[in-house]
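Features as listed in TrEMBL:
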COMPBIAS  427-442  compositional bias 'Low complexity'
DOMAIN    552-602  domain 'Cationic amino acid transporter C-terminal'
REGION    421-444  region 'Disordered'
TRANSMEM  36-58  transmembrane segment
TRANSMEM  70-90  transmembrane segment
TRANSMEM  102-123  transmembrane segment
TRANSMEM  171-190  transmembrane segment
TRANSMEM  197-217  transmembrane segment
TRANSMEM  229-251  transmembrane segment
TRANSMEM  272-294  transmembrane segment
TRANSMEM  314-338  transmembrane segment
TRANSMEM  366-385  transmembrane segment
TRANSMEM  522-542  transmembrane segment
TRANSMEM  554-573  transmembrane segment
TRANSMEM  579-600  transmembrane segment
Amino acid sequence: MASWLPRSADLARFCQKLNRVKTLEDDMMETSFNRCLSTVDLTLLGIGGMIGSGLYVLTGTVAKEIAGPAVIVSFIIAGFASLLAALCYAEFGARVPKTGSAYMFTYISVGEIWAFLIGWNVLLEYMIGGAAVARAWSGYLDSIFNHKIKNFTETYVGTWHVPFLAHYPDFLASGILLIATAFISFGAKVSSWLNHVFSAISMGVILFILIMGFILAEPKNWSVKEGGFAPYGLSGIMTGTATCFYAFVGFDVIAASSEEARNPQKAVPRAIAFSLGLATGSYILVSMVLTLMVPWHTLDPDSALADAFYRRGYSWAGLLVAAGSICAMNTVLLSNLFSLPRIVYAMAEDGLFFQVFSQVHPRTQVPVIGIVVFGVLMAVLALIFDLEALVQFLSIGTLLAYTFVAASIIVLRFQQGKPAAPSHLTGNQPSPGPSEGPSTSGLKEYESFSDKLQLVDKDKAKEHREPGQLKAAFEPYLEFLSDFYPREVVTVAVITLMVSAICLCSILVFGNSHLHLPTWSYSLLLVLFSLGFLLSLFLIWVHEQQQRMQTFQIPLVPLTPALSILLNIYLMLKLHYMTWLRFSIWLIIGLLVYFGYGIWHSKENLREPKSHNRLFSGTLFTIRRASSNGSQPF
């Protein structure tokens, strides 16, 4: 009667396959890529990824429409949230110097299906991000020539009035992406040299903006007469934070490039710290200058900085700013085209994506096929699609990746390393023989109470506890936790922490505006979910972590990654519901790709015994047969 139901053992095996982790090589410095990038190269790649269209377009848009002059506070909060995530990336990039970024970090800590979905979302993030920047680059250049390019295209090519398609084909945006793709395919050194040139020009223009801007600053533009410093209140500041967060997403290009760094253990953490610090300072100071030069409510969202100089009578400065913005957007294009093929390469190398993308050119030592294919796809997106509705995908995909990387840090810290067999664990210690007694063993007589305490402390110090086990100091008070397997409590606590964070942020975001909760229930739910979050944090903290390593380690674990998780989830819930709908559709497509190809070709799957694979195939066949008969298999 219930023959279609899979056995519990089959289901357990199926879940184990979905959550299997990647096996790392003994020599993680061995690679088919060219390790040629220095700390300066990586730092400029990070700066190029973060300081682009956001500095020249996003600052004006958020200031006028969302936060007012308090856009400065929005950038400070977004920079802090990015710092928490960046610290997690820095530790992983130093410990696991392999390409793949968030995908790789999730795969070695959390599990295969989660890693695939993170990689799948990052793939879309880079494609839409690159195409959107190319269109912004095209629009900015077109505005310098009084929109002659746009008018020419509409006159001689035509316009479209189709949903999700652009009003007219943007050949300029498509062309710049194809040119950038050609340069990226020549190798990491060529890409790095180009990035150096454009970054140097961009930073020179930013320095000019700050000097001229503070000279032209008028404090009255922050006065109550002009609307005050925070005209949209706290809600506007936090909504602006969710939008500003996208400005900092470029630092993960450093982690994605760790397999091409000469000394990733030192270069990756330093490059992330330097680039994020410079980018955050630039965004805060430029926002300050912009809103002090002209009243915030008169800003032009499309070209705020250039327009501000034009209105103050410095038209030549406006042209210089426009030229700097184009150079900055070039660095973002290079950053996207540099990172995307390497993440696809990592997925293909692990067998989760099509194998053709794992090929590395023997001369240039870069994944040329991935660069060309995805460069062309970006060019097609920029040519015909309306990207405004899709841009918010960038934030949700990035925030989800940051959340999983932060959770992966907690899991990794409490994970046991490769098994070793030290003598004090194997029982090979010399034991007293039967003839040894008090008179011949040389044991000391402990007469005082303080001597006995010292002996107990020495015994505790000799006791070796593995990561994931309960700390000795808490054993008398939390003895019931000692009955669980190592890491079992930590794993459950991490899941509980994430669920509590989701519930807590949902109440904060929707409690008053959408759910219309009475004050007593709103406060009660906040207290309950806050206690759940803090209790989960405490249960993680009372367990042993891995010993201090020579590579960079994020401080205050599990507090720092837990705060990152909380902030990321809060910012995700501030996004529009249509973004979540489109995101869900993309996730479903990703699951079809994973179950149709990735799970069968995974290298971890090939490492497992054939009997396990036959068992897994039988489980999937049973589920499919149940579905075709109209039954519910679970």
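Glycine is no exception: its Cβ is also placed from the backbone N, Cα and C atoms.
Contact between the transmembrane segment (229-251) and the transmembrane segment (70-90) is supported: at least 3 Cβ pairs lie under 8 Å, counting only residues 6 or more apart in sequence. The predicted model assigns the domain 'Cationic amino acid transporter C-terminal' (552-602) a mean pLDDT of 89. At the 8 Å Cβ threshold, with sequence separation of at least 6, the transmembrane segment (314-338) lacks contact with the transmembrane segment (522-542), having fewer than 3 such pairs. Counting residues 6+ beyond its ends, the transmembrane segment (36-58) has Cβ neighbours under 8 Å at 132-133, 136-137, 140, 188-189, 192, 195-196, 198-199, 202-203, 206, 243-244, 246-254, 257, 260-263, 266-268, 270-272, 274-276, 278-279, 282-283, 286, 301-306, 321, 324-325, 328-329, 331-332, 334-336, 338-339 in the same chain.
Mapped onto DSSP helix, strand and coil, the domain 'Cationic amino acid transporter C-terminal' (552-602) counts 40 helix, 0 strand, 11 coil. In this chain, the transmembrane segment (272-294) lies apart from the transmembrane segment (579-600): fewer than three C-beta pairs between them fall below 8 angstroms, excluding pairs fewer than 6 positions apart. Counted over residue pairs separated by six or more positions, the transmembrane segment (102-123) shares fewer than 3 Cβ pairs under 8 angstroms with the transmembrane segment (554-573), which leaves the two as not touching. By the count of Cβ pairs under 8 Å, the stretch nearest in packing to the transmembrane segment (70-90) among 171-190, 554-573, 579-600 is 554-573.
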